[in-house]
Amino acid sequence: MFPMVTGFMSYGQQTIRATRYIGQSFITTLSHTNRLPITIHYPYEKSITPERFRGRIHFEFDKCIACEVCVRVCPIDLPVVDWRFEKDIKRKQLLNYSIDFGVCIFCGNCVEYCPTSCLSMTEEYELSTYDRHELNYNQIALSRLPISIMGDYTIQTIRNSSESKINEEKSSNSRTITDY
């Protein structure tokens, strides 16, 4: 065939292929118009954290025996434990305990291996500050319990879509005597 005719045929095929791809993209876009939005309006709506969420670490000063297991299992040797040995009771006395959340990777090893369970993970994830030195929490700041977002009337809590689907399936699968 003539080269000009062949060029027009390939141009026509390319045009048809491009139109098909644009049409498929448009159909995909239109199929998403009826769905609920995935994103949330963050400061006013907060999602409920999962059950084993690893947030800020809570510390109980009275339970700590200053064994420093948390420092040894931490991949970055993060917790700073200051103690002194009391000769009369032959035991370590904890003086200061601090964690720098600007460096912490929230792995949870310190919580997992603590023999007295004085460390626990909370659901608090809002740790942002303007000064990174404010992220260095001492034992007083670590012992503060997080504020529950469930009781705050100014914040609307939103369940994860996977949690709501599981709860819907459980409710639909449960049968009562009258549901035969």
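Using the three backbone atoms N, Cα and C, a Cβ is placed for every residue, glycine included.
Taken verbatim from Swiss-Prot:
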type	residues	note
DOMAIN	55-84	domain '4Fe-4S ferredoxin-type 1'
BINDING	C64, C67, C70, C114	[4Fe-4S] cluster 1 binding site
BINDING	C74, C104, C107, C110	[4Fe-4S] cluster 2 binding site
DOMAIN	95-124	domain '4Fe-4S ferredoxin-type 2'
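Below 8 angstroms of C-beta separation, residues 49, 52-65, 67, 69-70, 73-76, 78-84, 132, 135-139, 142, 145-147 of the same chain, each at least six residues beyond the ends of the domain '4Fe-4S ferredoxin-type 2' (95-124), sit close to that stretch. Here the domain '4Fe-4S ferredoxin-type 1' (55-84) is broken down by DSSP into helix, strand and coil counts: 5 helix, 8 strand, 17 coil.
In this structure, the binding-site residues C64, C67, C107, C114 were compared by how many other Cβ atoms lie within 10 Å of their Cβ, and the smallest count belongs to C107.
Around the Cβ of C70 ([4Fe-4S] cluster 1 binding site), the same chain contributes P79, V81, N109, C110, Y113, C114, L119, each under 8 angstroms and 6 or more positions distant in sequence. Cβ neighbour count for C74 ([4Fe-4S] cluster 2 binding site) (all protein chains, 10 Å cutoff from its Cβ): 19. The Cβ of C104 ([4Fe-4S] cluster 2 binding site) has 18 other Cβ atoms within 10 Å, all protein chains considered. Same-chain residues with CB within 8 A of the center of the C74, C104, C107, C110 CB atoms, the [4Fe-4S] cluster 2 site residues themselves not counted, are I57, C70, V73, P75, I76, L78, P79, I99, I105, F106, G108, N109. It is 20 Å from the Cα atom of C67 ([4Fe-4S] cluster 1 binding site) to that of C104 ([4Fe-4S] cluster 2 binding site). Here the domain '4Fe-4S ferredoxin-type 1' (55-84) has a mean pLDDT of 93 out of 100.
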